[in-house]
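Asker: Take this structure first; my questions come after.
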Amino acid sequence: MAYPEPSPALVATLILTLAWVWAEECLGVAPNPDTQQIHGTALGRKKREPKCQVGAYLHSNRTHCCMRCHAGTYLAEDCQSDSLAPNCMPCPKGTFTATDNTLRKCISCQRCRSELQQITLSKCTEKKDTVCGCLPNQFQSEPNTLFKCKNCSPCHNGTILKNCAKDSDTICVCHPGYFLHKNNCNPCSSCNEEECKKVCAAIPSSPSVKNDYWSTQGHTNLLIGLVVVLAASLGLLFAVKLIKQYRQRVTTAIFYSCVSTQQPKKEPVSEVSKVVINERKAATFAPVPPQIENMWTANAVPRSMVEQELPDCVRPAGKTQLPDNPVVLYTVADHVLLSRWKEFVRRLGLSDYEIERIELEQRRVRDAQYEMLRQWRLQMGQGATVERISYVLNQMELSGCSEAIQEALAGQP
């Protein structure tokens with residue numbers, strides 16, 4: 001019985017199958033049950049890798065996700081499951097991690113290089129690297145960590161177009177007669193290269209000499225002008241001072257004519273009267289207490305003997321309380337020199353704070369004087385007497401106005 005002869009296609013398929021089986025056996029490749037097929041249909045599929053959320057990473061065996069380690073720590077051991085945290089250890093001294101990470105060790109801190117004139121702006125921490133920089137008036141010559149600190153150009157013989165920055169030098173523009181070389185303005189007389197000759201070609205000969213001449217001449221003229229202005233100002237101030245002194249003398253002669261050198265010869269007084277007068281002169285800023293005044297009246301010499309020591313125009317006014325009358329207050333203000341007004345109210349007992357406050361509130365001088373007297377009267381109460389004003393004016397050697405004040409009081413209803 002004769003067998004049919006096999007077709008060439010069947011023979012080729014058989015040979016390829018045997019060759020594939022032999023190759024797998026030689027390479028040691030075992031058949032994967034997940035990829036075995038029956039009649040072209042897969043028996044199983046590979047498992048999908050889990051998709052991790054933000055802030056997590058895929059485990060090395062690709063079975064679950066783990067949270068990243070925080071800044072300042074590193075990953076020492078992966079988590080065992082999604083519900084467990086990884087083992088994160090803090091960075092040792094001299095190392096850091098700046099962000100959340102999965103690093104197996106921390107990054108070493110950089111060192112500022114003193115040989116490059118670098119300085120430490122902030123030290124390294126477990127969460128931040130060392131920050132290096134330069135001293136003031138210096139800039140970083142390179143953009144990387146190996147930068148060198150160089151001094152900013154001062155722009156001598158030129159003007160600054162742009163100031164020195166952290167990573168850039170000063171930009172200079174040279175004066176006429178100078179050219180820029182390595183950010184320095186050099187005189188055209190030292191130019192030996194073609195590039196600088198082009199810059200200096202349009203400038204007349206000996207520019208540096210002319211520039212220095214006009215610069216020196218300008219400085220001399222400015223100095224002379226300043227001296228003239230200063231001398232004129234001093235002369236004007238001196239003239240104003242002389243005019244003020246002259247007006248003060250004239251005013252004093254008009255208003256205080258009663259204070260004259262032609263006073264009657266003073267009668268001798270006893271030692272007790274001198275003690276009373278000296279005690280009265282010592283009380284400059286505070287009113288005379290009633291107890292002391294009564295003691296003077298009871299124990300001292302008669303009042304007429306004490307009054308003989310004072311000028312005729314400075315008779316004691318008694319314990320006459322100063323009335324709250326604008327006419328009287330303005331009369332007092334009109335008879336005290338403006339240049340000694342603050343001294344007058346200070347001696348009366350008004351504080352510097354009250355004086356400055358009233359000056360700020362009342363811009364007009366006359367209104368300020370009235371308000372100061374009114375404020376003093378309110379503060380002193382019964383102590384605000386005409387006798388107190390006369391006593392203060394006598395201490396200031398301005399006793400002539402006491403008579404005018406008493407006349408104003410006498411004319412009041």
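Placement of Cβ uses the backbone N, Cα and C atoms for every residue, glycine included.
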Asker: Of the candidates CYS149, CYS152, CYS155, which does TrEMBL name as forming a disulfide with CYS134?
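Answerer: Between CYS134 and one of CYS149, CYS152, CYS155, TrEMBL records a disulfide, namely with CYS149.
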Asker: With the disulphide bonds as TrEMBL has them, who is the partner of CYS91, out of CYS79, CYS88, CYS106?
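Answerer: Recorded disulfide partner of CYS91 in TrEMBL: CYS106.
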Asker: Measuring Cα to Cα, how far is CYS91 (disulfide bond) from CYS134 (disulfide bond) in Å?
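Answerer: Here the two Cα atoms are 28 Å apart.
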Asker: The repeat 'TNFR-Cys' (133-172): mean pLDDT?
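Answerer: Mean pLDDT across the repeat 'TNFR-Cys' (133-172) comes out at 90.
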Asker: Inside 10 Å of the Cβ of CYS106 (disulfide bond), count up the other Cβ atoms and send me the figure.
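Answerer: Result for CYS106 (disulfide bond): 19 other Cβ atoms within 10 Å.
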Asker: How big is the Cα-to-Cα gap, in Å, between CYS134 (disulfide bond) and CYS106 (disulfide bond)?
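Answerer: Taking the Cα atoms only, CYS134 (disulfide bond) lies 27 Å from CYS106 (disulfide bond).
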